[in-house]
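K.L.:
Below are the structure tokens for one structure; questions will follow.
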Amino acid sequence: MEIDGKTNLLLLFGFYLLLSLIASSDSSLQYDYYRQSCPEANQIIKSTLRRIYDRNSSAAPAILRLVFHDCFVQGCDASVLLDPTEIMGSEKDTPPNQSLKGFEHLDIIKAELENACPGVVSCADLLVLAARESVILAGGPFYPVHTGRKDSSRSFPQLSYELPSPLDDLSTNIARFATRGFTDKETVTLLGAHSTGMIHCKFFEKRLYNFGGTDKPDPSMDSEFVELLRSVCNNRSHSHSHSQSPSASLSPSPSSSKTRQDQGMKMDYEGKGSGFGTLYYRSLLQGRGILFVDQQLTAGEETATWVRQYASDVSLFRKDFAQVMMKLSSTQVLTGDKGEVRLNCREVTSSLW
């Protein structure tokens, strides 16, 4: 769908209107906060991440997932990046976060920032800015981001269990997002981030063989898609595992992984050219959602309406996704003297711990 100049102007106006609302809620967050203290910060993050992405395209979805897992737990304070210590647990070690990746990419970017502007750019700002660039690299929309966040001096492993689960049904999923101030529509929009990255088999395998203890696949799934996913996961404990679905030959190889632990399905399994958001929502309407939590979006009247809207209007999704990412990135931020600026994103700088 083509976007004309008038529509572009309206979109930009909407973005900056939302930015002004965010700014009014916390005057310490500013657009281009580092314009004097580290004017090259944005460019360092953008160029360094681009180099990383050119070598490893999985960096983009990994960082996008990291920002969600950070902001959903006690706000966007980079607490998810902290390593455990003798007296403090780590969010990384909790079951919802054990599959997170991309920490080493942020370490590289942080080192570049510290070399240029020592002790200036927080890890919380680094993460939200890197996530914005990751969305763009994955084919998603640009969105402006306020900066000026400070880093948490502690981790919140106990709150990680409040993160949405791939196994959540619709009512549970909606309730989890509502606790963080997101509407039903915004929940549908945010899950569009599942347009990129790889989902490991362990997160959806029960849907393929023994859904809800029925010894049958999830009835909401397209039968050919079930066979394709079975061939990808190659579960040797099932008689179906060695059969090759006819549909599998029609799609690119979903995974180049060789080990059982790493087997999974690429979310953009029809290729990057399929468009950020396009395949995801259209797949749900075809019963081809990889995760149960995704497919459940078609089980409710309001959420299914937005799935249909986004499947047919990509520009609408891109506008809404940009706005909801701006909202997510400003969730419960620490500013001023409420936090610190870590020199190493894995360790607190203050002597509190």
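Cβ from N, Cα, C; glycine included.
Taken from TrEMBL, the feature domain 'Plant heme peroxidase family profile' applies to 28-349. Among the features that TrEMBL reports, disulfide bond is placed at C38-C117, C71-C76, C123-C345, C201-C233. Summarising the annotation, TrEMBL assigns heme b binding site to H194. What TrEMBL lists as compositional bias 'Basic and acidic residues' is 259-268. Positions annotated as Ca(2+) 2 binding site by TrEMBL: D268.
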K.L.:
List, in sequence order, the same-chain residues at least six positions removed whose CB sits under 8 Å from that of the residue listed as 'heme b binding site'?
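P.N.:
Spatial neighbours, sequence-distant, of the residue listed as 'heme b binding site': M267, Y280, I290, L291, D294.
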K.L.:
Determine, to the nearest whole angstrom, how far the Cα atom of the residue listed as 'Ca(2+) 2 binding site' is from the Cα atom of C38 (disulfide bond).
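P.N.:
Cα to Cα, the residue listed as 'Ca(2+) 2 binding site' and C38 (disulfide bond) are separated by 36 Å.
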K.L.:
How many Å lie between the Cα of C233 (disulfide bond) and the Cα of C345 (disulfide bond)?
P.N.:
35
K.L.:
Going by C-alpha positions, which of the disulfide-bonded residues (C117, C201, C345) is nearest C71 (disulfide bond)?
P.N.:
C345
K.L.:
If you average per-residue pLDDT over the domain 'Plant heme peroxidase family profile' (28-349), what number do you get?
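P.N.:
Across the domain 'Plant heme peroxidase family profile' (28-349), the average pLDDT comes out at 89.
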K.L.:
Who sits close to C117 (disulfide bond): which same-chain residues at least 6 apart have their Cβ under 8 Å from its Cβ?
P.N.:
Y34, S37, C38, E40, A41
K.L.:
Run through the Cβ atoms and count how many others sit within 10 Å of the one on C71 (disulfide bond).
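P.N.:
A 10 Å sphere around the Cβ of C71 (disulfide bond) contains 27 other Cβ atoms.
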K.L.:
Quick one, of the disulfide-bonded residues C38, C76, C233, C345, which Cβ has the fewest other Cβ within 10 Å?
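P.N.:
Across C38, C76, C233, C345, these disulfide-bonded residues, the one with fewest Cβ atoms within 10 Å is C38.
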K.L.:
Cα-Cα, whole number of Å: C76 (disulfide bond) versus C123 (disulfide bond)?
P.N.:
10
K.L.:
Once the chains shown are all counted, how many other Cβ atoms turn up within 10 Å of the Cβ of D268 (Ca(2+) 2 binding site)?
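P.N.:
So the number of other Cβ atoms within 10 Å of D268 (Ca(2+) 2 binding site) is 22.
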K.L.:
Output the one of C123, C201 that, of all these disulfide-bonded residues, has the highest number of other Cβ atoms within 10 Å of its Cβ.
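P.N.:
It comes out as C123.
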